[in-house]
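Read through the structure below, which is laid out as structure tokens, and then see the notes.
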Protein chains: 2
Amino acid sequence: MLSEFDLIKQYFVRPAHASKAQLGIGDDCALLGVAPGRSLAISSDMLVEGRHFFAGEDPRRLGHKSLAVNLSDLAAMGARPAGFTLALALPAADRDWLAGFSTGLFALADAHDCELIGGDTTKGPLNICITVFGEVVSGQALRRDAAQPGDDIWISGTLGDARLALAGIRGEVVVAGDAQRQAEQRLHLPTPRVALGLLLAERGLARAAIDISDGLVGDLEHILERSRVGATLDVDALPAGPVLAGYDPELRRAFTAAGGDDYELCFTAAPAQRAAILAAGDACGTPVTRVGRIDAAPGLQLTDGQGSPLELRLAGFDHFGNGTP
Amino acid sequence: MLSEFDLIKQYFVRPAHASKAQLGIGDDCALLGVAPGRSLAISSDMLVEGRHFFAGEDPRRLGHKSLAVNLSDLAAMGARPAGFTLALALPAADRDWLAGFSTGLFALADAHDCELIGGDTTKGPLNICITVFGEVVSGQALRRDAAQPGDDIWISGTLGDARLALAGIRGEVVVAGDAQRQAEQRLHLPTPRVALGLLLAERGLARAAIDISDGLVGDLEHILERSRVGATLDVDALPAGPVLAGYDPELRRAFTAAGGDDYELCFTAAPAQRAAILAAGDACGTPVTRVGRIDAAPGLQLTDGQGSPLELRLAGFDHFGNGTP
């Protein structure tokens with residue numbers, strides 16, 4: 001079976017092609033040079049019913065999440081949101097659905113001063129495609145290929161509650177009603193870490209960054225591959241979400257390390273920046289936690305809290321390798 | 001039933017909202033100011049199987065057409081293609097399909113020096129969403145709201161062969177095999193008029209422009225509405241495609257005036273520019289034909305070759321009002 005990454009690599013990446021883009025396929029955003037010293041960060045995400053959200057999903061939450069996953073890509077580049085286009089395929093022009101969807105969408109757009117500038121609507125199986133644009137000073141963008149040996153690895157916010165909510169819905173884990181509702185907030189209404197990404201970029205604190213949408217381990221491996229480095233990750237240092245924190249260590253490890261749908265930032269930074277990074281987290285009200293370090297030798301080593309090697313059965317989310325959500 | 005235009009107007013256009021974009025929803029492209037004197041023209045189009053193309057459509061042609069319809073929006077703004085993102089939902093990762101699609105896509109992309117800079121792939125009902133970026137000097141963009149009374153109305157290329165091909169496929173009109181194949185070239189492999197759009201903008205020849213994707217009459221009415229003007233259109237002056245030219249006048253009138261899927265430019269220009277516009281058409285190998293004039297009084301008057309009023313039963317294509325393609 002052809003994976004999503006192989007598919008893109010084989011059919012859509014053209015390594016021998018001279019590129020006008022400062023950064024093309026393979027990062028959270030592409031960077032298009034638009035003026036001396038300024039780049040436009042651009043990202044597209046497509047959300048499909050039954051794949052990225054359940055049929056019958058509340059349209060207001062869906063409006064929020066559709067834009068949130070795109071803003072999260074801007075956050076991972078350290079870019080300031082500027083605008084977005086929306087292409088929408090709908091089975092029918094349902095007024096209640098449209099009112100809810102647009103309300104959720106614009107509430108988040110307004111909070112980030114990110115304007116809807118155009119798009120397309122058509123009839124078809126429910127599909128939401130947003131392309132988002134952000135501004136970044138050239139050279140300040142947080143790229144996947146910029147990690148250096150000796151860097152700390154940091155995580156924003158907490159991990160795993162979104163995956164726990166999914167486990168509760170699927171019946172993989174028993175989650176009590178209140179806890180399930182709390183966890184589902186993280187699944188359905190993720191908070192893109194735009195302010196943190198901006199501070200990390202503008203203050204020159206972080207080197208590489210990625211947003212954790214497919215699970216930390218899988219996403220971190222993109223940084224390692226592009227930066228040609230390795231890493232050691234203290235799985236027990238990963239900050240579990242408040243609901244997941246009450247569960248046993250094995251589940252906590254699996255869902256923090258490879259849960260997916262967290263939309264937190266994973267970033268690397270020189271150890272000299274530790275105090276400044278904690279201050280940046282404070283300044284924007286987003287906790288940040290140090291969880292590992294970048295190594296010169298390739299490979300990702302997982303350890304427990306004592307530094308002993310840890311074997312976890314983990315898999316990143318692959319849109320052509322896995323089943324439904 | 002809620003039409004596509006009403007849907008966008010009611011749920012996604014916010015008139016009271018202060019806009020950072022120089023031009024937002026309602027033109028062929030949005031314009032984002034990116035540097036003093038320079039704008040980025042941005043357009044998104046979503047193509048859905050069974051709506052914009054038939055199930056089982058040749059993937060190579062589909063790759064071409066998916067990008068062509070977006071480049072046509074840049075052409076209608078007079079913008080120079082810079083890059084595009086591709087979001088793709090596929091029922092399965094089919095290697096033959098992917099090879100064909102990417103071949104058709106990149107052949108056209110390379111011809112216009114328009115680079116694939118990013119995107120998304122996922123599993124789902126076949127859906128192709130492209131967002132295209134182009135550069136334009138601020139103030140040179142060809143906008144829908146710039147037509148002035150007394151302007152000539154011009155059409156690039158020829159009209160109606162794409163609609164005739166569709167009629168042949170649907171069995172509405174009998175079209176002989178060779179003629180059908182020729183007409184289908186226009187339906188499946190449209191030529192975006194990028195070079196003409198660029199000349200019209202850079203030489204300051206045209207005022208308003210739009211690309212004819214939904215049928216000339218419907219698309220021209222967008223110019224009239226946004227420019228607060230009317231127009232008189234000589235339907236018998238409309239340049240019919242070489243296949244359609246052999247059919248009776250009534251069919252020719254209907255399919256040139258409201259056929260759809262032509263991806264030609266309709267633009268307005270001062271009469272003083274006539275010779276220069278013909279020269280621009282010559283310079284880029286695209287015939288241009290004068291077909292009417294902009295009036296101060298609102299309303300679109302259709303006439304025959306003798307200037308007598310003409311009644312045609314015409315309807316523009318609306319994605320929520322009409323049936324399948």
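Yeah, the Cβs are placed from backbone N, Cα and C, and that goes for glycine too.
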Message: Given that TrEMBL assigns A:ASP28, A:SER43 to the Mg(2+) 4 site, pick the one from A:ASP73, A:ASP94, A:ASP96 that the record assigns to that site as well.
response: A:ASP73
Task: Provide the list of binding-site residues among A:ASP28, A:ASP73, A:ASP120, A:ASP261 whose C-beta sits under 8 Å from chain B at the C-beta level, in sequence order; use 'none' for an empty result.
output: A:ASP120
Query: What are the helix, strand and coil residue counts for the domain 'PurM-like N-terminal' (A:26-136) according to DSSP?
result: 34 helix, 49 strand, 28 coil
Message: Can you tell me how many other Cβ atoms are located within 10 Å of the Cβ belonging to A:ASP211 (Mg(2+) 3 binding site)?
response: 27
Field: For the domain 'PurM-like N-terminal' (A:26-136), the mean pLDDT of the predicted model
entry: 92
Query: Taking only the binding-site residues A:SER44, A:ASP45, A:ASP73, which one has a CA atom nearest to the CA atom of A:SER213 (ATP binding site)?
result: A:ASP73
Field: Euclidean distance between Cα atoms of A:SER43 (Mg(2+) 4 binding site) and A:ASP73 (Mg(2+) 3 binding site), Å
entry: 7
